[in-house]
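What TrEMBL says about this one:
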ACT_SITE  Asp49  active site
ACT_SITE  Cys52  active site, nucleophile
ACT_SITE  His262  active site
SITE      Glu237  site 'Linear diubiquitin binding'
Amino acid sequence: YKLSVSPEMDIMEYCMKEWRGNTPAAKRMRKGYEAVAQKFASIRRIRGDNYCAFRATLFQILSQATQLPRWLQSEDFTMLPENLLSKYDWIKQWQLRQKPGKRMGEIRDEIKEYLILLRQKWKNISEIKGPLEKQEACDKLFKNEEEEYSLYEALKFLMLNTAIELYNADKSGKRVPVFSWLLFARDTSSNPCQLMQNHLNHIGHSGGLEQVEMFLLAYALQYTIQVYRLYKHSTDEFITLYPNDPEEDWPVVTLITEDDRHYNIPVRMCQETML
């Protein structure tokens, strides 16, 4: 049995264990970790199974959540699968986790269940006042494999919905963020249907999130995802924001990556930083 989110460990202790050598890469990583350690005391390792970007982001969001976002409260939220499937027949090709070849009605009902679960878990955890109890509730949730993977299906569907909105906005001449052009400029995702077939359906199975999809995830959740990209230390891409022009009222969560493929999370902000 693998832990989804490992217990916390001192950041520099972790770094010294992982990056002992004297290669340029090891030196850069150590410098990167030193910079993160100015702000955060500990690190928690995230299980790496192609869902790690979802796992790291959602864990950070829930462990900091104090209220349910507006978009999660809306009546229409749980009607999304029904509304989208009535307009876009191709969503029938959505690949449910470990259940390929489902019929349209089953897909609709199952995704609705995942969305309801996301809202319920977010609400329950955000209502917990004590930081220790909140942390325990998050740890417990991320030990329940069935629920955990259902939440990732919900996130994927929200990304699809956001992609459709951006694509339609662009086609009708509205202003869209730059990443949206990049998303649909790829040969493999020139429209939302291709994005689903060639990318979203494969997340968690044969691949993780590409960088442009990190932007999409941030937009879908209306959160700014701040990432320390350690291999980019001492360049202006060391701390990257998804999206890079976030809305001012979007909350921020922080992740760490050594290679843009696997993500871990920094925890325990240092006291000076908090003041």
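Yeah, the Cβs are placed from backbone N, Cα and C, and that goes for glycine too.
Structural mapping of features recorded in TrEMBL.
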residue: Asp49; record: active site; Cβ contacts under 8 Å, 6 or more apart: Gly204
residue: Cys52; record: active site, nucleophile; Cβ contacts under 8 Å, 6 or more apart: Ile46, Gly208, His262, Tyr263
residue: Glu237; record: site 'Linear diubiquitin binding'; Cβ contacts under 8 Å, 6 or more apart: Arg229
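A 10 Å cutoff on Cβ-Cβ distances gives His262 (active site) a total of 18 other Cβ atoms nearby, all chains included.
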